[in-house]
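In what follows, a structure is listed as structure tokens, so that the remarks can point back to it.
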Amino acid sequence: MTSASPSRSTAWLRVVTLAIAAFIFNTTEFIPVGLLSDIANSFAMKTEDVGLMITIYAWIVAVASLICMLLTSGIERRKLLIGLFSLFILSHLLSAVAWNFTVLVISRAGVALAHSVFWSITASLAIRMAPPGKRAQALGLIATGSSLAMVLGLPLGRVIGQYLGWRVTFLTIAAGATVAMILLARLLPLLPSEHSGSLGSVPKLFRRPALVGIYLLTVVVVTAHFTAYSYIEPFIQTVAGLPENFTTLILLLFGCAGIAGSMLYSRYSDRFPIGFLVTAMLLLLACLTLLMPLSGYPFGLTLLCLVWGLAMMSIGLAMQAKVLSLAPDASDVAMSIFSGLFNLGIGGGALLGSQVSLHLGMDKIGYVGAPLVLVALFATLLSVYRSVRLVHSRV
């Protein structure tokens, strides 16, 4: 912490700065979702093959999160964030001039390395800088920054790519990241590393059954979500037969719903933690199951995507908060594992969606994702049942 306690307005301004950084990182992580067709056309490739770029990015993050976090555990956090943004900006400049798909993937690998550390430390930094008693609201604000990436970043990036080319989209992200880096340098205080944990923390964390359960749940649910979401752009255009502008609208509404989900989380998660998570998982299950049946009805598909975005944001926030509560003594290590596993799910879902699209048809992506949510939901309810029985047996 800083030597003097900041005012509430200063504390919130610092959290907002982190939320802006989250907006930038989340925009670039998912921007390929809105540009798959354009990138595929540029390199004369199949959309399903270009989609593997999402898998490669996510799996680099999955592998690098813990390793990079441990390697940087002793670095002062403001300096670390500026270094991460420098790598981030240079990688996007390379993306903008990529002369073939291999170079584009290499440039995305640089972004993924920056990502792997950023999301390992951001949640704990937000909590650390939040005003007293406002931890959930600080996390909600970071989530809002992430959601705004879906509301503004992803649709805007798609529009820029549609009219000016996908390379200009990456240049625009690099410019935005430069502004964010300047804000971080000017507004954040010195942030010595605290409670980051060490390599010795890892086996201790994996001896906590509840934490391991959250980790497994994360992989399964995120895989289910990204089996369908990774290919929502070509799904809307080829399966639903709707125009490109409708795809942009859907991506916009999905992000808006994510903001609503973060607000609901801030308001209700403390009072109804289990009910909140189970309800969100039920909604996700319904959305994936109904994706194909509602694809022929634009209004129904729009409503489905609203509920889908709300549910997924709620699930992600609930699991992230649970990880932090179960590992307060090694929050950065715990979050790096969470980030890695989250991205393992992203990569697994994108790969599964690609294979489903190639071999079964893109219209099946929702049907393949839904059973995974059902498995996660059953495991959650079973865990709750066992916990209740254990409490009653001790009474």
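Here the Cβ of each residue, glycine as well, is placed from N, Cα and C on the backbone.
Copied over from Swiss-Prot, here are the features:
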type	residues	note
TRANSMEM	15-35	transmembrane segment
TRANSMEM	50-70	transmembrane segment
TRANSMEM	81-101	transmembrane segment
TRANSMEM	103-123	transmembrane segment
TRANSMEM	136-156	transmembrane segment
TRANSMEM	170-190	transmembrane segment
TRANSMEM	209-229	transmembrane segment
TRANSMEM	246-266	transmembrane segment
TRANSMEM	272-292	transmembrane segment
TRANSMEM	299-319	transmembrane segment
TRANSMEM	333-353	transmembrane segment
TRANSMEM	365-385	transmembrane segment
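Long-range Cβ contacts of the transmembrane segment (170-190) within its own chain (Cβ-Cβ under 8 Å, at least 6 residues beyond either end) map to 2, 6, 13-14, 17, 20-21, 24, 27-28, 31, 76-78, 81-82, 85-86, 88-89, 92-93, 95-96, 157, 160. Sequence-distant contacts of the transmembrane segment (81-101) (same chain, at least 6 residues past either end, Cβ-Cβ under 8 Å): 21, 24-25, 28, 39, 43, 45, 50, 53, 75, 107-111, 113-115, 117-118, 121, 167-168, 170-171, 173-174, 177-178, 180-181, 184-185, 188. Against the transmembrane segment (103-123), the recorded stretches 209-229, 272-292, 333-353, 365-385 differ in Cβ pairs under 8 Å, and the greatest number is found for 333-353. By the count of Cβ pairs under 8 Å, the stretch nearest in packing to the transmembrane segment (299-319) among 15-35, 209-229, 272-292 is 272-292. Proximity of the transmembrane segment (246-266) to the transmembrane segment (333-353) is not established, fewer than 3 Cβ-Cβ distances being under 8 Å for residue pairs spaced 6 or more apart. The stretch from 50-70, 272-292, 333-353 that makes the most Cβ contacts under 8 Å with the transmembrane segment (365-385) is 272-292. Long-range contacts of the transmembrane segment (272-292) within the same chain, counting only residues at least 6 positions beyond its ends with a Cβ under 8 Å from a Cβ of the stretch, are 221, 224-225, 228, 235, 239, 261, 264-265, 300-301, 304-305, 307-308, 310-312, 314-315, 318-319, 322, 363-367, 369-370, 373-374, 376-377, 380-381, 384.
Below 8 angstroms of C-beta separation, residues 29, 32-33, 36, 39-40, 43, 101, 104-105, 108-109, 111-113, 115-117, 119-121, 196, 198-199, 202, 226, 230-231, 332-333, 336-337, 339-341, 343-348, 350-351, 353-354 of the same chain, each at least six residues beyond the ends of the transmembrane segment (50-70), sit close to that stretch.
Tallying C-beta pairs under 8 angstroms between the transmembrane segment (136-156) and each of 15-35, 209-229, 333-353 places 15-35 first. Here the transmembrane segment (209-229) has Cβ contacts under 8 Å with residues 33, 54, 235, 281, 284, 288, 291, 312, 315, 319, 322-323, 326-327, 334, 337-338, 341-342, 344-346, 348-350, 352-353, 356, 365-366, 368-370, 372-373, 375-376, 379-380, 383 of the same chain, all six or more residues outside its ends. Long-range contacts of the transmembrane segment (15-35) within its own chain (CB-CB distance under 8 A, at least 6 residues past either end) are made by residues 50-51, 53-54, 57, 81, 85, 88, 92, 111, 114-115, 118-119, 122, 125-126, 129-130, 138, 141-142, 144-146, 148-150, 152-155, 157-158, 161, 166, 169-170, 173, 176-177, 180, 183-184, 187-188, 229-230, 232-233, 247-248, 251.
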